[in-house]
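Taken from TrEMBL as is:
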DOMAIN    124-221  domain 'Cadherin'
DOMAIN    222-333  domain 'Cadherin'
DOMAIN    334-454  domain 'Cadherin'
DOMAIN    451-556  domain 'Cadherin'
DOMAIN    572-652  domain 'Cadherin'
TRANSMEM  666-689  transmembrane segment
Amino acid sequence: VLSFCCEACKKVIFHVPSDLEADTLVGRVDLRECLPSAEFISSSDGNFKILEDGSVYTTSAVSLSAEKNTFTILLKDLQEHVQKKIHVSLVEEEKRAHKTRHARDTVLKRTKRRWGPIPSVMLENSLGPFPLQIQQVQSDTAQNYTIYYSASGPGIDQDPKGLFYIERETGNIFATRAVDREQYPSFQIICFATTPDGYSPEVPLVHIIRIEDDNDNAPYFTQELFEFCVPENSKPGVLVGKVTAEDRDEPNTLHTALKFRIVSQEPPLPKVFSLNGDRGEIFVSSSQLDRELVSSYHLLIEVRDMDGMPFGLCTTGTVVIKIQDTNDNAPSFKQTRYETRVEENRVNVEILRVSVIDLDEPGLPGSGAVYEIIRGNDDRSFEITTDKNTNEGILCVVKGLDYETAKQRQLVIAVHNEAPYVLAPHSQKVSQSTSTVTVAVIDVDEGPVFKPCFFRLEVKECEEIGTAIGRYIAEDPETGNSEGICYRIPPSQCNWISIDEKSGEVRTIKVLDRDVGEMKQGQCNITVLAIDRSGKTGTGTIQVVIQRGNKNYPRIIKTDYIMCRDRKPICLTAHDADEAPYSTPFVYHITDSSMASMWKIVRHNDNSVYLSPKGDTPFGTYDIPVSVTDNGGKVGENNVRVNFCDCVTPTECNQARQLANGNVTLGVWAILAMILGSLLLLLILITICGCCGSGVMHRHVTDDCANHNLIISNTEAPGEEVMDHNIIPLQTTCDQGGYGIKTGDQQTFEMVKGRGHTLESVKGGGHQTLGSVKEGGGQTMMDTCRYSYSEWHNFTHPRLGEKVHLCRQDEEQKHSEDYLLSYNYEGKGSLAGSVGCCSDQHEEEALDFLDQLEPKFRTLAETCVKR
């Protein structure tokens, strides 16, 4: 939110008629005096608008309703956050003489003829004399009023300031100095005509001062250097490029009408280029462009304005035209014959370098040589490549030569360029250059050679060990026989075959299996060595290819089924790890005749059948022997167990069978839970025994031990004190031999009625115990016991989740009943307790005790007691 500093700048009063028409000039306000940096100008009254020069106009017809009418002009500088106001008051003109008023009205309504002159023209770079009058503006109202003229705008009070001014009394406009049209092509000023009292009888005049161009700028090229390329042997008329130039003078005049021409060419002869003078386009004018003779041309180009007339201004520029190479020169060998020599069996060895002559530009496809052997290399023992650095041809032996086969080889080599050959004008096509190379083979003593060097053996899968699968021998190249050559297989290879050292016979030493990891895709390559008497060796390769065999038996995937009384057929599906043709289709048979009389097999598809009972086959469990024969004749024996059960769903039969067999198993977690439970129970028994042993030694408990005997319910306020000899304070004993104790963290509270009963509390950790000493008749030393609600609260509140046992009847009294009550205390833990009454006659006493409990606990307790 912009916070403007707003203040009233000044007050302006305009004397106007009472009725103003639309678009009537009211007056002019000096806005710059108030806020020079005003960016936003507005009026508080929509009937008036304010121009940037401060002129105030009506936007619609306005009638002054009273003698005075006001509005505000608001000026804002948004950047500086400044806001100022100009208060404008419109005052109706005082009535003058009728004649004067009539005359003024007449003036305002006259047709204006001299207030809108044609635009002024001033010559660029005018020599003066200055000040130089260029125009005069006058108002027709000057016949009746004293009119003062003023102007504003560029060249007057805006940059370039002081270039023009207007005489106040005459309206003459003068220029004070020369003007550059390229900098200021025209000026738009606003002229004003006002009376001495500030009234403006004329609408502000927008006047144009146009600067007439002078040819004071020479044209210039848009680039310092123009570079173009054209292929050699180009035909006349081919466009090479275009030069461009500009002129800062006024467009569409002779001052900017440009003409181009070639001043000179280097080298001067022959003239091979022409220039379009109007567009600056350069064309090929001769077919004699030969890069091998002239690789580039330099042209001096002139551009002149005034449409090329001699008195026009001009400039020159340079154009460089490079001639691009084309493959118009075929390569040729420096020598037509070459001789070289190489030892037999040498491989990948350079034996010769050949070179050519090519007049085309080096390093380009037109001069790059491509060599080829066109004759004498049918067995592809030789290869020739190009050295990119020297453009030479490198002849190599890529396959060992055999002296015994050929003592000499003769090759014919041809050469051509990477780029296609282009026939130059006025020239004849040349034939391809060739050269003959004679290669002499030098004899050396060689080792044995396998024929063939790569031997493929196909073996059926699962052939017996020791089966002869082929013979692989080598020969001595010198003698052409295999005498004195022995064979062996180097280690670290797949150990599947062996080769006889003398005869070269190949046998299996393992049962070949395609599924073993070493036999990738059912094959394995094995290198074999041949060694002659001199110790020279030769190598060959045996590729053992294992063909698929029938090594796997078909077997039924699932063999245990349950069939219910609906006799829905069972689908038996077999699987064979072999591939076709040793897998499907399968043939199924029931091999046991007694089972075949009760069960039948019906074909489903190539690898599945349906098994169903015949006739009145009784319910029971059947072991049905089924044989499956694959397409290769291999038979797999299977035993299918079917539990033919009197059931609706197989689940029923499963449950019945488990109950009958006693097959109930426990999971690992169940067994672990039982073990941990047993250990916990043993720990509790040991703790209780220890507490009982120490409890006999204590007879009395201090009074403060009885302050924690009851559990607060947190649901209702403490009740009244209860008098009942069934509740026994810790510091006393009651007449029935009951006792109560308080310990630490864990407590068990047991209320006992009758003789010979105890009340015990066991505390974890310290195991403190208080008990009663049984007397002969089981009589206690007190008849009644008192307890309060707060004692019950203090005893039970920190012992949520513990058991509270009350009045448990001796096992000898057969008519006593046990009452069990449990409830959840505020959702924080489960408080389990039991209330037992010694006999029916003490039922009322138990109910009195339960009255002290909270409603939920009491309702459940009453139900248990009554039950």
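Glycine is no exception: its Cβ is also placed from the backbone N, Cα and C atoms.
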(request) Just give the helix, strand and coil counts over the domain 'Cadherin' (334-454), going by DSSP. (result) 0 helix, 56 strand, 65 coil
(request) Restricting to the domain 'Cadherin' (451-556), report the mean pLDDT as a whole number. (result) 83
(message) Looking only at the domain 'Cadherin' (222-333), how are its residues distributed among DSSP helix, strand and coil?
(response) 6 helix, 50 strand, 56 coil
(request) Report the DSSP secondary-structure composition of the domain 'Cadherin' (124-221) as helix, strand and coil residue counts. (result) 4 helix, 38 strand, 56 coil
